[in-house]
Amino acid sequence: MRGLLVLSVLLGAVFGKEDFVGHQVLRISVADEAQVQKVKELEDLEHLQLDFWRGPAHPGSPIDVRVPFPSIQAVKIFLESHGISYETMIEDVQSLLDEEQEQMFAFRSRARSTDTFNYATYHTLEEIYDFLDLLVAENPHLVSKIQIGNTYEGRPIYVLKFSTGGSKRPAIWIDTGIHSREWVTQASGVWFAKKITQDYGQDAAFTAILDTLDIFLEIVTNPDGFAFTHSTNRMWRKTRSHTAGSLCIGVDPNRNWDAGFGLSGASSNPCSETYHGKFANSEVEVKSIVDFVKDHGNIKAFISIHSYSQLLMYPYGYKTEPVPDQDELDQLSKAAVTALASLYGTKFNYGSIIKAIYQASGSTIDWTYSQGIKYSFTFELRDTGRYGFLLPASQIIPTAKETWLALLTIMEHTLNHPY
């Protein structure tokens, strides 16, 4: 086994994969606003090359940060000198990546049908796109594949449409993987797609939903970034677009929407993980969805799925003001997380983005809500930080199954409360 790990590191070096040997993920606990500001100072020190998995928000909210090996001592000294407590969540990031790669390699095979497809492992972009074609071929009267655009690097952007007939019927939109490193989301999206085809005509409650509402599912919302997480840098979050005047690549596609764009909660620095881009909708991956939603004109629920933190959130992210539908969205969130917890006891918190996690401007669901899509939600799936973005493949199916129960709750509510 040790030999395999050494081999994987060597192969990574040969094929140009970025390695994370000795990188640690620290969980920082801030006691007051002064400590929050100190951590923000740390965040601004670019030479440390810190990667905030959960950024500084408010006292009592945990902060998770990946620290490269050369920066570990400096970061720990900084925290200790300011009386800020921390613990090591992940001792060596590369060891988790090696385990992930070994698992993928061990279970890699070309599926001949969606029944033989392995839902309990992580897949490449090509494997997921092959899965889309299999699903459509097996369910031609229920599923179709729509290309809504091309990425910055020229890859097709696909959405699955599940429909029992008609055009521009009231619809539900679900997307996964807008942040490319959140692999459990794309994997869950694949499972959702199969689940829809299995349950239609078999499960009465779900059949009632699809008899009236269409479902659009975008499994790989950031294809360039996702391909890059497999080829080069597993920790890549953003798109892969180039910014004039900067050597840094990519825009945070969840800060690029035209809702509070460029306000606090996003960065104007192209090297930041939360860089908002030159202007709203600058990213074709975002603009493709914007154009689709506007052209469709009848989307009633919009659900964007991220990881991690175990949260279900509704607008707003860029301001503290409650949305007009606050009470209904809060009650629906409560019902959805209760349904989710009924399977394995997984606890999700819920609330508006700005209160549940942190201020985020230019986010997906703030824009969709501004377009009149009342049931606009964002999930943060498993876990709460033990593995973070590197959730073991053994948790894919349990994550997807419990999330499906929450999605069903939202979809049923959308069906029963037309507007």
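Note: Cβ is positioned from N, Cα and C throughout, glycine not excepted.
The active site, proton donor/acceptor feature in Swiss-Prot is assigned to Glu380. Here Swiss-Prot flags His179, Glu182, His306 as Zn(2+) binding site, drawing on experimental evidence. The substrate binding site annotation in Swiss-Prot covers His179, Ser180, Arg181, Glu182, Arg237, Asn254, Arg255, Ser307, Tyr308, Tyr358 and rests on experimental evidence. Taken from Swiss-Prot, the feature disulfide bond applies to Cys248-Cys271, supported by experimental evidence. According to Swiss-Prot, the domain 'Peptidase M14' annotation covers 121-414, on the basis of sequence analysis.
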Legend entry - Densest Cβ neighbourhood among His179, Arg181, Arg237, Arg255 (binding-site residues), 10 Å radius: Arg255
Legend entry - Spatially closest candidate among His179, Cys248, Cys271, Glu380, the listed recorded positions, to Tyr308 (substrate binding site) (Cα to Cα): Glu380
Legend entry - DSSP state at Cys271 (disulfide bond), helix/strand/coil: coil
Legend entry - Of Arg237, Cys248, Arg255, Cys271, Glu380, i.e. the recorded positions, those within 10 Å of His306 (Zn(2+) binding site) when Cα atoms are compared: Glu380
Inset, instruction - Measuring C-alpha to C-alpha, could you say which of the recorded positions Arg237, Cys271, Glu380 are within 10 Å of His179 (Zn(2+) binding site)? - result: Arg237
Legend entry - All-chain count of other Cβ atoms within 10 Å of Cys271 (disulfide bond): 14
Inset, instruction - Have a look at the recorded positions (Glu182, Glu380) and report the one with the fewest Cβ neighbours inside 10 Å. - result: Glu380
Inset, instruction - Any same-chain residues 6+ apart from Cys248 (disulfide bond) with CB under 8 Å of its CB? Would you list them in sequence order, or say none? - result: Pro270, Cys271, Tyr275
Inset, instruction - Mind looking up the mean pLDDT for the domain 'Peptidase M14' (121-414) in the predicted model? - result: 98
Inset, instruction - Give the number of CB atoms, excluding that of His306 (Zn(2+) binding site) itself, located within 10 Å of its CB. - result: 22
Legend entry - When distances run from the Cα of the residue listed as 'active site, proton donor/acceptor' to each of the binding-site residues Arg181, Glu182, Arg237, the nearest one: Glu182
Inset, instruction - Specify the secondary structure state of Arg181 (substrate binding site) as given by DSSP, simplified to three classes. - result: coil
Legend entry - Separation of alpha carbons, Arg255 (substrate binding site) and Glu182 (Zn(2+) binding site) (Å): 16
Inset, instruction - Return the maximum Cα to Cα distance in Å (whole number) over the record's substrate-binding residues: His179, Ser180, Arg181, Glu182, Arg237, Asn254, Arg255, Ser307, Tyr308, Tyr358. - result: 20
